[in-house]
Amino acid sequence: MDSEEIIELERKFIMQTYTRQPIVLSHGKGATVWDIEGNSYIDCFAGVAVNSIGHAHPKVALAICHQAQRLIHSSNIYYTREQVELAKLLTAISPHDRVFFANSGAEANEGAIKLARKFTGKSEIIAAENSFHGRTLATVTATGQKKYSEPFRPLPEGFKHVPYGDIGAMADAVGDETAAIILEPVQGEGGVIIPPEGYLKDVQELARQNDVLLILDEVQTGFGRTGAMFASQLFGVEPDITTVAKAMGGGYPIGAVLANERVAMAFEPGDHGSTFGGNPWGCAAAIATIEVLMDEKLPERAAKMGSYFLGRLRQVLHGCDAVRDIRGVGLMIGIEIDGECAGVVDAAREMGVLINCTAGKVIRIVPPLVIKKEEIDAAVDVLGHVISDL
């Protein structure tokens, strides 16, 4: 089948929930992907910050193939070696003691909300405006963007939103029924919004003073994206609960709720569960992925390459009237422009660079952490060209 036929079949048989780019991808390697016509692209989107170790990493591919020949699924009625090995590894690299396995970031956030309510006996969850936590009914309600939740009313009760970065507003919002505060360390879908210095530490202190749990949604920031294994380490905070997914499995769908011992023990058999969560196949992929992150020092590389990427963007786009801001942490970068950025995405793709437009006016750049300097240079040249033409 050619691209035109595949696109037509998608329109005919698949529910139209996505606005897709008009290319059909075939394969990838490192930070490069190819479409079925043979065109190559520098991937600065990484499947929404998923392919952090690059496409088709041989160690992860081997782990997936090997595990598929042994045991793909068993359910959580039985023990498996791969699941406990991954749980032990996650507690070793995070500030947490116990793990619940899920299949996605939304599932992880659902689990975190349930755990917080069970542990505290309270119902209210405070989230930030402009946030994104998932598309299930609870997580889309926690999400601080009405465009995602309005079509699905009535929504679950017990959620409140305050401006991101405003500690005074957060303090005013905390009350007797507040179970938890859930925040992204850096808002991704909201436009790559970095919190003011000290904000997350102030929220942590506020939560502790009021016996409120702090949940950090590290679905997008986790596993090296910001220049540290977890963004909480970068900002010097220790949340009660952390949610992860995206980059965790190297492309295989897997997520997790990480929690401190005293909080985690609130869950009892039957309180929560998942048929596929923590299956041996996904756990094998995640173990291999995390080992690659550590062995190749990819968090440190993200810090170095992110600094280089930001510097090159600021150099090339200096004085460009269309650019309002260039910001980022590690390899999580946003270019805010004066106007809609969908046209920039199209123009960059036609010149061989894949990027994303979020929050309407922010070009989001989240490439694989293995991206090379020469690939960054090529991507910056393209972005400089298409943005300067605005």
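Heads up, the Cβ atoms here are built off N, Cα and C, so glycines get one too.
Keep in mind the model is a prediction, meaning the values are calculated, not measured.
Swiss-Prot annotations:
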- Gly105, Ala106, Phe132, Asp217, Glu218, Val219, Gln220, Thr275: pyridoxal 5'-phosphate binding site (BINDING)
- Arg135, Ser274: N(2)-acetyl-L-ornithine binding site (BINDING)
- Lys246: N6-(pyridoxal phosphate)lysine (MOD_RES)
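Spatially close to Thr275 (pyridoxal 5'-phosphate binding site) yet at least six residues away along the chain are Ser75, Asn76, judged by Cβ distances under 8 angstroms.
Note: the CA-CA distance between Gly105 (pyridoxal 5'-phosphate binding site) and Lys246 (N6-(pyridoxal phosphate)lysine) rounds to 7 Å.
Taking the Cβ of Lys246 (N6-(pyridoxal phosphate)lysine) as reference, residues of its chain lying under 8 Å away and at least six apart in sequence are, in sequence order, Val48, Ala49, Val50, Ser52, Gly105, Val219, Gln220, Gly222, Phe223, Gly255. In sequence order, Thr143, Gly144, Gln145, Tyr148, Glu184, Gln187, Gly188, Glu189, Gly190 make up the list of same-chain residues 6 or more apart from Phe132 (pyridoxal 5'-phosphate binding site) whose Cβ falls under 8 Å from its Cβ. According to its DSSP assignment, Asp217 (pyridoxal 5'-phosphate binding site) is in a strand. Note: Asp217 (pyridoxal 5'-phosphate binding site) has non-local neighbours Gly105, Asn109, Ala112, Ser131, His133, Ile182, Leu183, Glu184, Pro185, Thr243, i.e. same-chain residues 6+ apart with C-beta under 8 A of its own C-beta. The C-beta environment of Ala106 (pyridoxal 5'-phosphate binding site), restricted to residues of the same chain at least 6 apart in sequence and closer than 8 Å, consists of His133, Gly134, Arg135, Thr136, Thr139. Once the Cα atoms of Gly105, Ala106, Phe132, Asp217, Glu218, Val219, Gln220, Thr275, the listed binders of pyridoxal 5'-phosphate, are compared pairwise, the greatest separation found is 25 Å.
Ser274 (N(2)-acetyl-L-ornithine binding site) falls outside any helix or strand according to DSSP and counts as coil.
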